[in-house]
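One structure below.
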Amino acid sequence: MKVKAPGRINIIGEHTDYNDGYVLPFAVNRYVFLSIEGSERFIFHSENVNETVEMEKIEKLNKWTDYISGVIASFEKRGYRVSPVKISVSSNLPIGAGLSSSAALEVATAYAISEYFGFNVPKLELVKIAREAEVEFVGVRCGIMDQFTAVFGKKDHAIFLDTMTLEYEYVPLKLEGYEINLVDSNVKHELSSSEYNRRRQECEEVLKTLEKKSFREVTKEDLERLSGTLRKRAQHVLEENERVLKSVQALKEGDFETLGKLLFSSHESLRDLYEVSCEETDFIVDYLRGKEGILGARMVGGGFGGGVIVLSKKGAFGKIKEELVESYRKRFGIDLIFHEIESSDGVQKI
């Protein structure tokens, strides 16, 4: 049996998903492909890594197999019996560009196991199983957006998701005359995982200081009671949530000019208040600002490298792409990687 699960790109709502905030992602047309069959022991094969790993029972190896093993462990924790299987994976999802290849692998595994063994796990439960694999087994304290999008994605739509209640709404993504590109900065600073966890701690500090249970209870007035770093972090989360709401409205009205401006202001906030951008992604966004037909751009993902999402009029980005490549190479000695992004449905059999 074969399945595929998509990556995702988040239009706006960065570093809000673990703060009970709003996000606006869509599933993209790049996938993790996975096949599953019965076996004497657990065998996991990755075409991309060109490696096969065998094990008698599920164990943590601190490598790519943990995403698969973690999902199996999540099923077993819930009382499902997963007998040994051979799982083979391949992917055309770029790693480290902010398209969430790990969540796609987790969701592909969860869906394949549910279908293969006839568990018929509901969609939302699949999301939770996949996320639990990353948080508890792999050990990355991610929010729920990535796994949610890989399961619930719908072609030609973005998902307006409230990460606190998990209520969601499909918002039509009518891009006629416009396009979305992803520019991969081709850098990943070592800080990324340690700083990501530090931002989470800082946000928890904010709640402790304000004696609130959730960021949803935090108001603009509360910012007055904070100072320094904590104030900056809280201000980003509050304003980014507002930007998501405005972006949903703009998408519904087909107002891409407004959406573009919101992307630029999101980047400024991630740079100045949340302090997770880096010289390379700042350079890309600054370069694009004011160029003809470019409506907006911002860093995507955890930060400290990774990708930049670009919203433009159709064809406009292609005209300045070469200049951008040259300028970036001259400045950093690194080649950019480009991905034109289209929307996709969520996980499915193939």
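Any Cβ shown, glycine's included, is placed from N, Cα and C.
For the substrate site, Swiss-Prot lists E14, H15, T16, D17; matching the candidates Y196, Y287, Y328 against that entry yields Y196. If you check the recorded positions R8, E14, D146, Y196 against S100 (ATP binding site), the ones with a Cα inside 10 Å of its Cα are R8, D146. Counting other Cβ atoms within 10 Å of each Cβ, the recorded positions E14, D17, D146 show the lowest value at D17.
Local packing around the recorded positions R8, H15 was summarised as the count of other Cβ atoms within 10 Å of each Cβ; on this measure the leading residue is R8. In the three-state DSSP scheme, G96 (ATP binding site) is classed as coil. A distance of 12 Å separates the Cα atom of T16 (substrate binding site) from that of D146 (active site, proton acceptor). E134 (Mg(2+) binding site) falls within a helical segment according to DSSP. The shortest Cα-Cα distance between S46 (ATP binding site) and any of the recorded positions R8, E134, D146 is the one to E134.
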